[in-house]
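K.L.:
Next up is a structure, given as C-alpha cells.
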Ligand SMILES: Nc1ncnc2c1ncn2[C@@H]1O[C@H](COP(=O)(O)OP(=O)(O)OP(=O)(O)O)[C@@H](O)[C@H]1O
Ligand SMILES: [Zn+2]
C-alpha cells in the first residue's frame, strides 16, 4: 500500500520567493522542462534547462533534478520542454542537473498513454512512467562504458607538423596508425591492439602526439542472447485456415488495412484455433514492417506456446518474469530499434516500445492477471484499448470465456464480435458429466476421487489416454480443525486458516507465507488432537498414487514449480507421454493443447463458488469451461467429470454445456439488477492499520467526506460500505474497505480528485484506491 498523499511536502519546488530584478527574466527567455517524479502526488514541476542542455533535452528523457528542501538529486521524467508560456508565473526555478539516457525512453504517444493511465487509475504520472520502464533499462544492465579510438580529424592530420610526425613513427605506432586508417569504425583498445599486434603503449604514445583521439561510449555486452540461442528453431508454414478462421481473419485484416483502432472480441470455444488466427493477422502487419504485441497470462509463456510463435516469425521477443535485468534491457533496445516483429509477454508487455505498432492481441482476456495489484493499478486490457486508439491499430481480445465487461461492449456495439463456435477439424466439444458428490460413498469416506470419477479414470488410462485432475487448493489439508471449539487454526498475522503441508510438516499461511510446525493443541481452547480436514493437491496426489499405482502421476502447483524451467520440464514430459496423470491448481487449466488427454476431472468445483466475491460465479464458469476444454483435442475424443455439491448452480451447469451465451445472459441479468459491474464501475478504497477500531473509524470518516463531496458536487457516486474487508486481518494489519460506485467512471474519478489532497491523515493508517478492482478480498 502506498502512503496517503502529502501535498504540503511538494509545494516548494518552485520557489515563490521575491525574485531579484535580474532574476525576473522575461517569460520568453526562459527555457523550461516539465518534470514528473515517482511520487504519489500527481504534479508537474518546472525546471530551468541550462544552455548546454537545450539542444539535447526532449520530452521522454529521464533526468536528474534537485528535489525537496535538501535539494536531493532525484530521478525524474521530462514530459515537456520549451520556452516558458506567456502566463508562466515569474518565480525562481531550480535547474535540471543531468540527462540520464542518450535517447528519450518515451515517444509522444507513450507519454499520452501514460498520462491517461494516471488519470484513469488515480495515480501520478511519474508512478506510471516509473513502472513502464524496466529496472534493467534504468540501470542500463548489461552495458558498460568503453573507450573507442579513431584517427584525429583529417584537417589536423593534413597539417605539416602532423605529416612530419607520421613520417617518423616507430614501427609499432605506425601499425596502430595504419590499423585505424583501414578500420571502418572506431575501435576499442582490445580490437586495436589485436589488429596492430602490439600492447597499449604505442596507442598512448600516438594519443600524446595528437595523431589519434578517443571518446567514451556505452556499449552492450550481452552474454545471453536469447534470439541467437533460438535462431536455429525450425521454421514452419502457416496452417490452412478453416472457414470459421478465414472469416475471423478477414474481418481483422480489414481493420488492419483500414488502420482502424477497432476492438474485436474473438469468442472462440476451446480448441477452435484462435492462435492460428492471431498468427496470420500478425503475418499481415509484419509484411508492412510493423510490429505486433501479444499479451498472454504469465503462466501461458510455456515453451510449447512460445515455440508456436518462434517457428513462424524471424524475430520474437519473449518477455517473461524470469528474464534477467540485462536480457530485459537487451529486448527493450531491440524492440525500440524496430528489430523485433512479435513481442509476446505478460501484462507489462503492453508498454513494449514498438516504434511502428500494427496490432495488439490479448489472449485469454478473461485472466485476472492482466490487472496490476500495486500502483499504478492498471488493467492491461483497458491500457491496450487506449493504446490501440492512440496508434490507430486494431485490438483483438481472444477467449473461450470472455469477461462480461467485454461482452457488454459487444452488446452495446462498441466492440465487434467474432465467433468461432466449432473446434478445428470438426472435433466435438467434450462431454461433461456433473457428479453430485453429496451421496458418493467414496467421498463420504473422505476420499477426493469419487466412484464415478475413479471408474472414468480407469477407463481412460486403460485405453492409453492421459488424465488431467484439477483442484484449486495447494498443500495437503486446507484446514486444521479443533473438535473442542469447532474452529480452525488461523495464521497469527492474518484472518486465514492455516494449510497443512505434509511434506515439510508445516502449517502455512497462503497469504503471508507464515509457517510453523502444526500445534498439537488448539491455540484457541487448548483442547488436544487437531484434525487435518479437506484436501489439497498434496493429499490428492497421495490418493491418486494409491489408487493408480501402475501410472505415473505428476503434481503441478506453485510448491512443485518453484524452480526456473520446472513448468516446462513437466509439460514436456506430459507431452512426451512420460506422465499419465497431471494434477494441479489453475496452472493446468489454461491454454494446454495435448491431444491425448481423454479425461479431465474437476475434483471440487465449489472452491471458487462460495467466495464472498461479486465475480465468484463468473470465475467459476471460466475455470470450469477452460479446464474442461483441455480434453477432446484429439481423435480419441474426451470426457469431463465435474464433482460438486451444488449440481444445480448455473455457473457450473452452463460451463458443463459449454454455453457461454446463456451463462452471460443469466449472469448479466443479475448484475444489471444490482447495477453492478459491468453496468457500473467500482473503485475500492482499502484502509489498513494496526488497530481495528481506528481503521474502522477512519474508514467511516473518509467515506463520509466522499459522500458529502458527491452530494455537494452533484456527482452520482454511491458509497457502499465501509465494512471489514473479507480478509479482515492481513500481515498483522486490520483492513476495512468501501466502494465508490457509479455508472460513469468519470464521476468517480472527478469525485476522488475533488477530495484528493484534502483528505485527513491518521497516524499509522494507510489507504489506497483501486479503480475497477478484480480482487475484492
Ligand atoms: N486450420 C487448422 N487446421 C488444423 N489444425 C489447426 C488449425 N488451426 C489450429 N489448429 C490446431 O488446433 C489446435 C488448437 O488450436 P489453439 O490452441 O489455437 O486453440 P485455441 O482456440 O487457442 O484454444 P484454447 O482457448 O483452448 O487455448 C492446435 O493444435 C492447432 O495447431
Ligand atoms: Zn498470514
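Placement of Cβ uses the backbone N, Cα and C atoms for every residue, glycine included.
Below are the features I grabbed from TrEMBL:
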- 482, 485, 522, 525: Zn(2+) 1 binding site (BINDING)
- 491, 494, 509, 512: Zn(2+) 2 binding site (BINDING)
- 255-420: domain 'Helicase ATP-binding' (DOMAIN)
- 517-676: domain 'Helicase C-terminal' (DOMAIN)
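Could you place the listed features in the three-dimensional structure?
P.N.:
Residue 485 (Zn(2+) 1 binding site): 12 other CB atoms within 10 A of its CB, across all protein chains. Following the DSSP three-state reduction, the secondary structure of residue 485 (Zn(2+) 1 binding site) is coil.
Cβ neighbours within 10 Å of residue 509 (Zn(2+) 2 binding site), excluding its own Cβ and spanning all shown chains: 20.
Taking the domain 'Helicase ATP-binding' (255-420) as a whole, pLDDT averages 93 in the prediction.
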K.L.:
Let me know the most crowded of the binding-site residues, choosing from 512, 522 and counting other Cβ atoms within 10 Å.
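P.N.:
For the binding-site residues 512, 522, the Cβ with the most other Cβ atoms within 10 Å is 522.
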K.L.:
Quick one: of the binding-site residues 482, 494, 525, flag those whose CB is under 6 Å from ligand 2, and say none if nothing qualifies.
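P.N.:
Passing the 6 Å Cβ check against ligand 2: 494.
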K.L.:
To test your reading of the Zn(2+) 2 site: which residues beyond 491, 494, 509, 512, same chain only, put their Cβ within 8 Å of the Cβ centroid of those residues?
P.N.:
490, 492, 493, 496, 498, 510, 511, 513, 514, 730, 731
K.L.:
With the Zn(2+) 1 site defined by 482, 485, 522, 525, which remaining residues of that chain have Cβ atoms positioned within 8 Å of the Cβ centroid?
P.N.:
483, 484, 486, 487, 523, 524, 526, 527
K.L.:
Measuring Cα to Cα, how many angstrom lie between residue 509 (Zn(2+) 2 binding site) and residue 482 (Zn(2+) 1 binding site)?
P.N.:
17
K.L.:
Could you round the CA separation between residue 512 (Zn(2+) 2 binding site) and residue 525 (Zn(2+) 1 binding site) to a whole angstrom and send it over?
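P.N.:
It is 24 Å, counting Cα to Cα.
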K.L.:
Taking each of the binding-site residues 482, 491, 525 in turn and counting other Cβ atoms within 10 Å of its Cβ, which one has the fewest?
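P.N.:
Comparing Cβ neighbour counts within 10 Å for the binding-site residues 482, 491, 525 gives 525.
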K.L.:
Using all protein chains in view, find how many other C-beta atoms are within 10 Å of the C-beta of residue 494 (Zn(2+) 2 binding site).
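P.N.:
Residue 494 (Zn(2+) 2 binding site) is surrounded by 21 other Cβ atoms within 10 Å.
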